[in-house]
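Among the features that TrEMBL reports, domain 'Fatty acid desaturase' is placed at 57-322. Residues annotated as transmembrane segment in TrEMBL: 27-47, 59-76, 88-109, 160-178, 209-225, 231-250.
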Amino acid sequence: PTVTFKEIHDAVPKHLLRRRPLTSTLYILRDLSISLLLYKFASLIPGTESLLKSGMWGAYWWLQGLMNAGIFCLGRHDAGHGTLYDNVVLNNIIGFILHSYLFVPYFAWRATHHTHHKATSSIERDENYVPYPRFTFPGLPDQKTATAADYSEVFEETPLYTLLHMLVMQGFGWWIYLTRNAMGSAAYPKGTNHFSPSSPLFKPSQRKYIILSNLGLCITATVLGFLGRDFFLWCYFIPYVVIMFTYLHHSDPTIPHYRKKEWTFLRGAAATVDRPLLGWIGRFFFHNISHDHVAHHFFIGAPFYNGPEITKAIKSVLKEDYNYDSTPAFYALYRSFTQCLFIEDEGDIVFYKNKHGVAARRVQEFKVGEGLDKKLLDPGVEGELVESAKRQAM
(Lines of atoms letter the chains of each structure in order from A and count residues from 1; the text may use other names and numbers.)
(Lines give C-alpha, C1' and ligand atoms only; values in the text may rest on other atoms or scores of the structure.)
Protein backbone atom coordinates (compact mmCIF):
# COMPACT_ATOMS: atom_id res chain seq x y z
CA PRO A 1 0.00 0.00 0.00
CA THR A 2 1.12 3.56 -0.71
CA VAL A 3 -0.92 5.15 2.08
CA THR A 4 0.43 5.68 5.58
CA PHE A 5 -0.74 4.09 8.79
CA LYS A 6 -1.77 7.54 10.06
CA GLU A 7 -3.99 8.09 7.03
CA ILE A 8 -5.80 4.83 7.74
CA HIS A 9 -6.31 5.66 11.42
CA ASP A 10 -7.42 9.21 10.71
CA ALA A 11 -10.12 7.90 8.36
CA VAL A 12 -11.87 5.96 11.13
CA PRO A 13 -14.12 7.92 13.55
CA LYS A 14 -12.90 7.44 17.10
CA HIS A 15 -16.31 6.47 18.47
CA LEU A 16 -16.07 3.23 16.44
CA LEU A 17 -13.11 2.17 18.59
CA ARG A 18 -14.98 2.47 21.90
CA ARG A 19 -16.38 -0.56 23.74
CA ARG A 20 -20.03 -0.82 24.69
CA PRO A 21 -20.22 -3.29 27.61
CA LEU A 22 -24.00 -3.75 27.42
CA THR A 23 -23.84 -4.58 23.70
CA SER A 24 -21.02 -7.06 24.36
CA THR A 25 -22.99 -8.74 27.14
CA LEU A 26 -26.08 -9.08 24.96
CA TYR A 27 -24.07 -10.78 22.21
CA ILE A 28 -22.58 -13.25 24.71
CA LEU A 29 -26.00 -14.06 26.15
CA ARG A 30 -27.46 -14.40 22.64
CA ASP A 31 -24.85 -16.94 21.56
CA LEU A 32 -25.00 -18.99 24.75
CA SER A 33 -28.81 -19.02 24.75
CA ILE A 34 -29.01 -20.23 21.15
CA SER A 35 -26.40 -22.90 21.84
CA LEU A 36 -28.32 -24.16 24.87
CA LEU A 37 -31.56 -24.23 22.86
CA LEU A 38 -29.81 -26.29 20.21
CA TYR A 39 -28.65 -28.78 22.87
CA LYS A 40 -32.27 -29.03 24.02
CA PHE A 41 -33.35 -29.60 20.40
CA ALA A 42 -30.77 -32.39 20.04
CA SER A 43 -32.02 -34.10 23.20
CA LEU A 44 -35.49 -34.35 21.65
CA ILE A 45 -34.35 -36.11 18.45
CA PRO A 46 -35.36 -39.78 18.89
CA GLY A 47 -32.52 -41.70 17.23
CA THR A 48 -31.55 -41.81 13.55
CA GLU A 49 -33.89 -44.48 12.19
CA SER A 50 -35.49 -42.32 9.50
CA LEU A 51 -34.45 -39.82 6.87
CA LEU A 52 -36.29 -37.09 8.78
CA LYS A 53 -34.42 -37.81 12.00
CA SER A 54 -31.10 -37.92 10.15
CA GLY A 55 -31.93 -34.55 8.62
CA MET A 56 -32.69 -33.15 12.07
CA TRP A 57 -29.28 -34.29 13.31
CA GLY A 58 -27.64 -32.76 10.25
CA ALA A 59 -29.37 -29.44 10.92
CA TYR A 60 -28.30 -29.56 14.57
CA TRP A 61 -24.65 -30.30 13.71
CA TRP A 62 -24.53 -27.47 11.19
CA LEU A 63 -26.20 -24.86 13.41
CA GLN A 64 -24.28 -25.83 16.54
CA GLY A 65 -21.07 -25.74 14.51
CA LEU A 66 -21.91 -22.19 13.47
CA MET A 67 -22.59 -21.29 17.10
CA ASN A 68 -19.29 -22.82 18.19
CA ALA A 69 -17.49 -20.72 15.60
CA GLY A 70 -19.20 -17.58 16.89
CA ILE A 71 -18.38 -18.38 20.51
CA PHE A 72 -14.80 -19.07 19.45
CA CYS A 73 -14.66 -15.59 17.87
CA LEU A 74 -16.03 -13.98 21.04
CA GLY A 75 -13.30 -15.69 23.03
CA ARG A 76 -10.40 -15.18 20.65
CA HIS A 77 -10.98 -11.98 18.69
CA ASP A 78 -12.93 -10.12 21.34
CA ALA A 79 -12.19 -11.24 24.89
CA GLY A 80 -8.62 -12.11 23.91
CA HIS A 81 -8.05 -8.65 22.42
CA GLY A 82 -9.89 -6.89 25.23
CA THR A 83 -12.71 -5.49 23.09
CA LEU A 84 -15.70 -6.75 25.09
CA TYR A 85 -15.15 -4.76 28.29
CA ASP A 86 -12.83 -2.07 29.61
CA ASN A 87 -11.69 -4.36 32.42
CA VAL A 88 -8.80 -6.68 31.44
CA VAL A 89 -9.60 -9.27 34.10
CA LEU A 90 -13.25 -9.47 33.06
CA ASN A 91 -12.27 -9.95 29.42
CA ASN A 92 -9.93 -12.77 30.37
CA ILE A 93 -12.52 -14.47 32.60
CA ILE A 94 -15.08 -14.45 29.78
CA GLY A 95 -12.49 -15.63 27.23
CA PHE A 96 -11.27 -18.39 29.55
CA ILE A 97 -14.80 -19.72 30.12
CA LEU A 98 -15.82 -19.58 26.44
CA HIS A 99 -12.63 -21.17 25.16
CA SER A 100 -12.50 -23.84 27.85
CA TYR A 101 -16.06 -24.80 26.88
CA LEU A 102 -14.78 -25.28 23.30
CA PHE A 103 -11.72 -27.19 24.56
CA VAL A 104 -9.38 -24.38 23.49
CA PRO A 105 -6.39 -23.38 25.69
CA TYR A 106 -7.36 -19.72 26.09
CA PHE A 107 -4.21 -18.13 27.49
CA ALA A 108 -1.91 -20.21 25.29
CA TRP A 109 -3.81 -19.31 22.14
CA ARG A 110 -4.14 -15.69 23.27
CA ALA A 111 -0.35 -15.39 23.57
CA THR A 112 0.45 -16.73 20.10
CA HIS A 113 -2.48 -14.96 18.49
CA HIS A 114 -1.19 -11.62 19.74
CA THR A 115 2.20 -12.43 18.24
CA HIS A 116 0.45 -13.23 14.96
CA HIS A 117 -1.12 -9.77 14.94
CA LYS A 118 2.21 -8.10 15.62
CA ALA A 119 3.87 -9.86 12.68
CA THR A 120 1.15 -10.80 10.17
CA SER A 121 2.57 -12.10 6.88
CA SER A 122 6.15 -11.94 8.18
CA ILE A 123 7.89 -15.12 7.07
CA GLU A 124 10.31 -15.04 10.00
CA ARG A 125 8.03 -13.86 12.81
CA ASP A 126 4.38 -14.73 12.09
CA GLU A 127 2.86 -17.51 14.20
CA ASN A 128 0.02 -18.81 12.02
CA TYR A 129 -0.25 -20.12 8.46
CA VAL A 130 3.40 -19.50 7.69
CA PRO A 131 4.12 -20.69 4.12
CA TYR A 132 6.40 -23.66 3.53
CA PRO A 133 9.59 -22.64 1.66
CA ARG A 134 10.82 -24.69 -1.29
CA PHE A 135 13.60 -26.31 0.75
CA THR A 136 11.04 -28.08 2.99
CA PHE A 137 10.26 -30.40 0.06
CA PRO A 138 13.41 -32.56 -0.27
CA GLY A 139 12.45 -33.96 -3.68
CA LEU A 140 12.04 -30.53 -5.24
CA PRO A 141 15.11 -29.07 -7.02
CA ASP A 142 15.89 -25.37 -6.98
CA GLN A 143 13.82 -22.97 -9.03
CA LYS A 144 16.28 -22.75 -11.95
CA THR A 145 16.61 -26.48 -12.54
CA ALA A 146 13.18 -27.81 -11.52
CA THR A 147 11.14 -29.36 -14.33
CA ALA A 148 7.44 -30.06 -14.73
CA ALA A 149 8.13 -33.70 -13.83
CA ASP A 150 9.78 -32.63 -10.56
CA TYR A 151 6.75 -30.59 -9.52
CA SER A 152 4.41 -33.40 -10.57
CA GLU A 153 6.32 -35.93 -8.50
CA VAL A 154 6.16 -33.83 -5.35
CA PHE A 155 2.71 -32.26 -5.58
CA GLU A 156 0.55 -34.31 -7.95
CA GLU A 157 -2.30 -35.95 -6.06
CA THR A 158 -5.61 -37.50 -7.03
CA PRO A 159 -8.65 -35.22 -6.57
CA LEU A 160 -10.02 -37.60 -3.93
CA TYR A 161 -6.79 -37.50 -1.92
CA THR A 162 -6.72 -33.71 -2.17
CA LEU A 163 -10.31 -33.50 -0.92
CA LEU A 164 -9.61 -35.82 2.01
CA HIS A 165 -6.44 -33.91 2.87
CA MET A 166 -8.39 -30.65 2.81
CA LEU A 167 -11.15 -32.04 5.05
CA VAL A 168 -8.60 -33.33 7.57
CA MET A 169 -6.88 -29.96 7.68
CA GLN A 170 -10.16 -28.06 8.13
CA GLY A 171 -11.48 -30.43 10.75
CA PHE A 172 -8.31 -31.24 12.71
CA GLY A 173 -5.66 -28.81 11.44
CA TRP A 174 -6.36 -26.62 14.44
CA TRP A 175 -5.28 -29.41 16.80
CA ILE A 176 -2.31 -30.33 14.64
CA TYR A 177 -1.14 -26.73 14.99
CA LEU A 178 -1.71 -26.67 18.75
CA THR A 179 0.10 -29.95 19.37
CA ARG A 180 2.81 -29.90 16.67
CA ASN A 181 3.05 -26.27 15.53
CA ALA A 182 2.12 -27.29 11.96
CA MET A 183 2.18 -24.20 9.69
CA GLY A 184 3.54 -22.23 12.64
CA SER A 185 6.84 -20.41 12.83
CA ALA A 186 9.84 -22.49 11.75
CA ALA A 187 11.95 -20.67 14.34
CA TYR A 188 10.73 -23.03 17.07
CA PRO A 189 12.25 -26.48 17.68
CA LYS A 190 10.51 -29.76 16.94
CA GLY A 191 7.95 -30.67 19.58
CA THR A 192 6.79 -27.10 20.17
CA ASN A 193 3.17 -27.02 21.35
CA HIS A 194 0.58 -24.88 23.14
CA PHE A 195 0.24 -27.06 26.25
CA SER A 196 3.72 -27.10 27.80
CA PRO A 197 4.30 -24.14 30.15
CA SER A 198 8.00 -24.25 29.19
CA SER A 199 7.22 -24.08 25.45
CA PRO A 200 9.33 -21.49 23.58
CA LEU A 201 6.04 -19.99 22.40
CA PHE A 202 5.63 -18.34 25.80
CA LYS A 203 7.49 -15.87 27.97
CA PRO A 204 8.34 -16.97 31.55
CA SER A 205 5.70 -14.56 32.88
CA GLN A 206 3.01 -16.34 30.84
CA ARG A 207 3.70 -19.87 32.06
CA LYS A 208 1.35 -19.81 35.06
CA TYR A 209 -1.48 -18.87 32.68
CA ILE A 210 -0.66 -21.83 30.42
CA ILE A 211 -1.17 -24.09 33.43
CA LEU A 212 -4.52 -22.38 34.02
CA SER A 213 -5.48 -22.99 30.37
CA ASN A 214 -4.70 -26.68 30.77
CA LEU A 215 -6.76 -26.79 33.96
CA GLY A 216 -9.72 -25.37 32.02
CA LEU A 217 -9.38 -28.19 29.48
CA CYS A 218 -9.28 -30.77 32.28
CA ILE A 219 -12.50 -29.37 33.78
CA THR A 220 -14.24 -29.51 30.38
CA ALA A 221 -13.04 -33.08 29.81
CA THR A 222 -14.37 -34.07 33.22
CA VAL A 223 -17.78 -32.54 32.55
CA LEU A 224 -17.98 -34.25 29.15
CA GLY A 225 -17.07 -37.54 30.82
CA PHE A 226 -19.98 -37.19 33.23
CA LEU A 227 -22.35 -36.34 30.36
CA GLY A 228 -21.50 -39.60 28.65
CA ARG A 229 -20.24 -40.96 25.35
CA ASP A 230 -23.42 -40.34 23.37
CA PHE A 231 -23.60 -36.69 24.35
CA PHE A 232 -19.90 -36.21 23.55
CA LEU A 233 -20.11 -37.82 20.12
CA TRP A 234 -23.51 -36.70 18.87
CA CYS A 235 -23.94 -33.33 20.55
CA TYR A 236 -20.42 -32.01 21.14
CA PHE A 237 -17.74 -33.56 18.94
CA ILE A 238 -19.35 -33.50 15.48
CA PRO A 239 -20.33 -29.79 15.66
CA TYR A 240 -16.84 -29.14 17.00
CA VAL A 241 -15.24 -30.01 13.64
CA VAL A 242 -17.91 -28.59 11.32
CA ILE A 243 -16.66 -25.01 11.00
CA MET A 244 -13.04 -23.87 10.74
CA PHE A 245 -12.46 -20.72 8.70
CA THR A 246 -9.30 -18.86 9.74
CA TYR A 247 -7.21 -20.40 6.95
CA LEU A 248 -8.90 -18.30 4.27
CA HIS A 249 -8.10 -15.01 5.98
CA HIS A 250 -4.38 -15.38 5.30
CA SER A 251 -3.96 -17.97 2.57
CA ASP A 252 -4.67 -16.76 -0.94
CA PRO A 253 -2.51 -16.96 -4.08
CA THR A 254 -2.86 -13.21 -4.70
CA ILE A 255 -1.58 -11.84 -1.38
CA PRO A 256 2.12 -11.41 -0.55
CA HIS A 257 4.32 -12.59 2.30
CA TYR A 258 7.32 -10.57 3.36
CA ARG A 259 10.80 -11.27 4.63
CA LYS A 260 12.25 -8.91 7.22
CA LYS A 261 13.82 -6.46 4.77
CA GLU A 262 10.41 -5.56 3.29
CA TRP A 263 7.97 -6.32 6.11
CA THR A 264 6.13 -3.52 7.89
CA PHE A 265 3.10 -3.68 10.17
CA LEU A 266 1.02 -1.83 7.57
CA ARG A 267 1.98 -4.26 4.79
CA GLY A 268 1.23 -7.24 7.00
CA ALA A 269 -2.16 -5.94 8.10
CA ALA A 270 -3.10 -5.21 4.49
CA ALA A 271 -2.05 -8.71 3.39
CA THR A 272 -5.30 -10.21 4.67
CA VAL A 273 -8.54 -10.92 2.83
CA ASP A 274 -12.14 -9.99 3.57
CA ARG A 275 -14.60 -12.67 2.44
CA PRO A 276 -18.41 -12.62 2.70
CA LEU A 277 -18.33 -16.12 4.16
CA LEU A 278 -21.86 -17.57 4.12
CA GLY A 279 -23.33 -14.09 3.52
CA TRP A 280 -25.65 -12.82 6.25
CA ILE A 281 -25.30 -16.14 8.06
CA GLY A 282 -21.58 -15.50 8.45
CA ARG A 283 -22.20 -11.98 9.72
CA PHE A 284 -24.73 -13.21 12.28
CA PHE A 285 -22.81 -16.20 13.60
CA PHE A 286 -19.16 -15.21 13.07
CA HIS A 287 -19.43 -11.65 14.41
CA ASN A 288 -18.10 -10.03 11.23
CA ILE A 289 -14.69 -11.70 11.49
CA SER A 290 -14.66 -12.93 7.88
CA HIS A 291 -16.40 -9.92 6.35
CA ASP A 292 -14.20 -7.39 8.20
CA HIS A 293 -10.92 -9.20 8.80
CA VAL A 294 -8.77 -6.45 7.27
CA ALA A 295 -10.30 -3.95 9.69
CA HIS A 296 -9.62 -6.36 12.55
CA HIS A 297 -5.90 -6.37 11.72
CA PHE A 298 -5.65 -2.60 11.46
CA PHE A 299 -7.75 -1.97 14.58
CA ILE A 300 -7.16 -4.89 16.90
CA GLY A 301 -8.82 -3.09 19.81
CA ALA A 302 -12.05 -2.21 17.99
CA PRO A 303 -15.30 -4.04 18.92
CA PHE A 304 -16.49 -6.48 16.28
CA TYR A 305 -19.95 -4.87 16.04
CA ASN A 306 -18.30 -1.75 14.58
CA GLY A 307 -16.44 -3.77 11.96
CA PRO A 308 -18.69 -2.91 8.97
CA GLU A 309 -18.31 0.85 9.49
CA ILE A 310 -14.56 0.56 10.03
CA THR A 311 -14.24 -1.46 6.83
CA LYS A 312 -16.01 1.27 4.87
CA ALA A 313 -13.56 3.84 6.20
CA ILE A 314 -10.54 1.68 5.43
CA LYS A 315 -11.72 0.97 1.89
CA SER A 316 -11.96 4.70 1.19
CA VAL A 317 -8.25 5.04 1.97
CA LEU A 318 -6.75 1.76 0.76
CA LYS A 319 -8.78 1.77 -2.47
CA GLU A 320 -7.30 -0.87 -4.84
CA ASP A 321 -5.00 -2.12 -2.05
CA TYR A 322 -8.00 -3.39 -0.08
CA ASN A 323 -8.30 -7.16 -0.51
CA TYR A 324 -11.81 -8.53 -0.97
CA ASP A 325 -12.80 -11.84 -2.51
CA SER A 326 -16.42 -12.81 -3.11
CA THR A 327 -15.53 -16.27 -4.45
CA PRO A 328 -17.90 -18.86 -2.91
CA ALA A 329 -16.27 -20.02 0.30
CA PHE A 330 -15.89 -23.72 -0.46
CA TYR A 331 -14.40 -23.09 -3.89
CA ALA A 332 -12.08 -20.43 -2.41
CA LEU A 333 -10.99 -23.01 0.16
CA TYR A 334 -10.24 -25.59 -2.53
CA ARG A 335 -8.43 -23.01 -4.66
CA SER A 336 -6.21 -21.82 -1.83
CA PHE A 337 -5.57 -25.36 -0.64
CA THR A 338 -4.38 -26.47 -4.08
CA GLN A 339 -2.55 -23.28 -5.14
CA CYS A 340 -0.97 -22.08 -1.88
CA LEU A 341 1.63 -24.83 -1.67
CA PHE A 342 5.02 -23.22 -1.16
CA ILE A 343 7.09 -20.07 -1.53
CA GLU A 344 10.60 -19.55 -2.86
CA ASP A 345 13.57 -19.69 -0.52
CA GLU A 346 14.73 -16.27 -1.71
CA GLY A 347 13.01 -12.96 -2.31
CA ASP A 348 11.91 -10.25 0.08
CA ILE A 349 8.33 -10.17 -1.27
CA VAL A 350 7.02 -13.58 -2.30
CA PHE A 351 3.76 -15.19 -3.37
CA TYR A 352 2.49 -18.72 -3.02
CA LYS A 353 3.19 -21.08 -5.90
CA ASN A 354 1.01 -23.93 -7.15
CA LYS A 355 1.79 -27.52 -8.07
CA HIS A 356 3.34 -26.36 -11.34
CA GLY A 357 5.72 -23.96 -9.60
CA VAL A 358 3.77 -20.94 -10.89
CA ALA A 359 2.71 -17.95 -8.78
CA ALA A 360 -0.50 -16.01 -9.42
CA ARG A 361 1.50 -12.80 -8.93
CA ARG A 362 5.12 -11.80 -8.81
CA VAL A 363 7.25 -8.76 -8.09
CA GLN A 364 8.68 -6.96 -11.09
CA GLU A 365 11.45 -4.41 -10.65
CA PHE A 366 12.17 -1.80 -13.29
CA LYS A 367 13.77 1.63 -13.40
CA VAL A 368 11.60 4.71 -13.31
CA GLY A 369 13.78 7.74 -13.91
CA GLU A 370 16.76 7.42 -11.57
CA GLY A 371 15.05 5.22 -9.00
CA LEU A 372 13.95 1.58 -8.77
CA ASP A 373 10.24 0.93 -8.52
CA LYS A 374 8.52 -2.29 -7.45
CA LYS A 375 5.11 -3.38 -8.66
CA LEU A 376 3.03 -6.42 -7.74
CA LEU A 377 2.01 -7.92 -11.03
CA ASP A 378 -0.77 -10.13 -12.23
CA PRO A 379 0.59 -12.17 -15.17
CA GLY A 380 -1.58 -10.33 -17.70
CA VAL A 381 -0.76 -6.74 -16.81
CA GLU A 382 3.02 -6.64 -16.97
CA GLY A 383 3.09 -4.92 -20.34
CA GLU A 384 0.64 -2.24 -19.23
CA LEU A 385 2.70 -1.40 -16.12
CA VAL A 386 5.98 -1.32 -18.01
CA GLU A 387 4.47 1.11 -20.55
CA SER A 388 3.17 3.22 -17.67
CA ALA A 389 6.64 3.29 -16.14
CA LYS A 390 8.15 4.40 -19.44
CA ARG A 391 5.66 7.25 -19.64
CA GLN A 392 6.54 8.34 -16.10
CA ALA A 393 10.26 8.29 -16.96
CA MET A 394 9.80 10.52 -20.04
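For all residues, glycine too, the Cβ spot is worked out from N, Cα and C.
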Check your understanding: Taking all residues of the domain 'Fatty acid desaturase' (57-322) together, what is their mean pLDDT?
Key -> 92
Check your understanding: Which stretch, 27-47, 59-76, 88-109, 160-178, 231-250, tops the Cβ pairs under 8 Å count with the transmembrane segment (209-225)?
Key -> 88-109
**Study point:** Distal contacts, the transmembrane segment (160-178) - CB-CB under 8 A, six or more residues away
**Key:** 105, 108-109, 128, 184, 193-195, 241, 244, 247, 333-334, 337-338
**Study point:** Outside the transmembrane segment (27-47), six or more residues from its ends: residues with CB under 8 Å to it
**Key:** 53, 56-57, 60, 63-64, 67-68, 70-71, 74, 84, 94, 98, 234-235, 287, 305
